[in-house]
Each structure stands twice: as structure tokens, then as C-alpha cells.
């Protein structure tokens, strides 16, 4: 059974890196102390893989996990195949997916997660768990072989969702951008995840975690609000 924790971002309000996720992760990984976590660092454009690995190791030290970046393997997918848990960090979703294709990780991750290996990711790491990355917020744009992602959660995800416009901002709001996506892709569902929220996926059910509701948009911006602590079939 799939077991995934998809988190909107690495920070919430003024909290330090990944601090707000620790209670969720402690419960999610309660049975995995001392186990090996394969970490995928490809989204980290402004830091090296070594730096990203160390940052995550330090942030999650209290969970007592063995966190190993996939770049430590002779073949990156070797680390995935040896792991007890898979984690994908945030950053640039285009760079992340491009390198996941280059290192042949998608099928390996998909097979492991469908067989029950826990998966957690934040921001870009949540985005690639969805059907495609076409509702990412990111620049720079690099070109992966396809925008199709892991499809472990078979819908679109939009992390860091903010409703409305800032004063003086004359570009599109997030709702307007998602409306345009749904005009072009009317069969899609988009799960808009505000800061400080997460989806805990267990099999074919999802539970909303955090301090805010998650918004599900469909054709013509029909809204289905997923309330905090609610569980739904997807």
C-alpha cells in the first residue's frame, strides 16, 4: 500500500528549516528509526548535492535516520533500490525532474513506493509525486524529456499556494494561473496546497494535515475544499 507524506514546503511562517514538519515525520516514520533514507537532492539549484544532504541530515537529526543522498551511489538508482524510505527535497521542479529522468529514477521510485516503501517530499518533492509538473511555480525552466512525473498521486499539485494578489502586483494571481491551466487541461484536478499543509497518502485515501484547508480545483475553477484533518478518496 502506498504511504506518502507530501508537504507544501520546508518552512511555515517564521519556523526554521523543516521544523514544522518534524511532528508529521516523527509519526510517519515511527517504525523506521535507524533505517536508510534515499534522499534526492536534484532540485537544489543554489547548493551542491553535498550541502543539501548535510542540511537535511541536520534538520532531521532528531528522527534518527540514516539519510544518504543518491549521488553517493555509483549509479544513483542503486541508493533508491537499497533504501527503506525515499525522500525528495524542494527547490526547482524542472531541474529535479530532468535529472530524475537522466539517472533513470522514476521507474525505480515508482516501483518501491507502490510496493509500500514510505515516500516523503516537500515543495518540488511533493510536485513530482503528482501526475505532471505542469502546475509548478518555478524558474528557471529546464527541459526534461517529459513533464510527466511519478503519478503516485494521480492529480496535479500546486505547492506554496497563495490566494489573491499582493497590492501593486499586476500579474496573474495563482487562481488565474490555475484557471488557465484548467482551460487547457479541463480533465485535470489541481490540489492547491497553502504553506504549512500536507497530504498523507495511504493507499487510495488522503488525509489533510496542517493549519489550513487544501483546495481542489477542477474545470471552470469548481472548488472542492478539503478540510484540515479530513480524509478523502482520490
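Note that Cβ sites are derived from N, Cα and C of the backbone, with glycine treated the same way.
Annotation source Swiss-Prot lists active site, charge relay system at 123 (among others), citing sequence analysis. Its Cβ taken as reference, residue 123 (active site, charge relay system) is surrounded by 28 other Cβ atoms within 10 Å in the chains shown.
If you look up Swiss-Prot, you'll see 138 (among others) marked as active site, charge relay system, on the strength of sequence analysis. Look at residue 138 (active site, charge relay system): DSSP puts it in coil. Residues within less than 8 Å, Cβ to Cβ, of residue 138 (active site, charge relay system) and separated from it by at least 6 positions along the same chain comprise 92, 93, 94, 124.
Positions annotated as active site, charge relay system by Swiss-Prot, on the basis of sequence analysis: 160 (among others). For residue 160 (active site, charge relay system), other Cβ atoms within 10 Å of its Cβ number 18.
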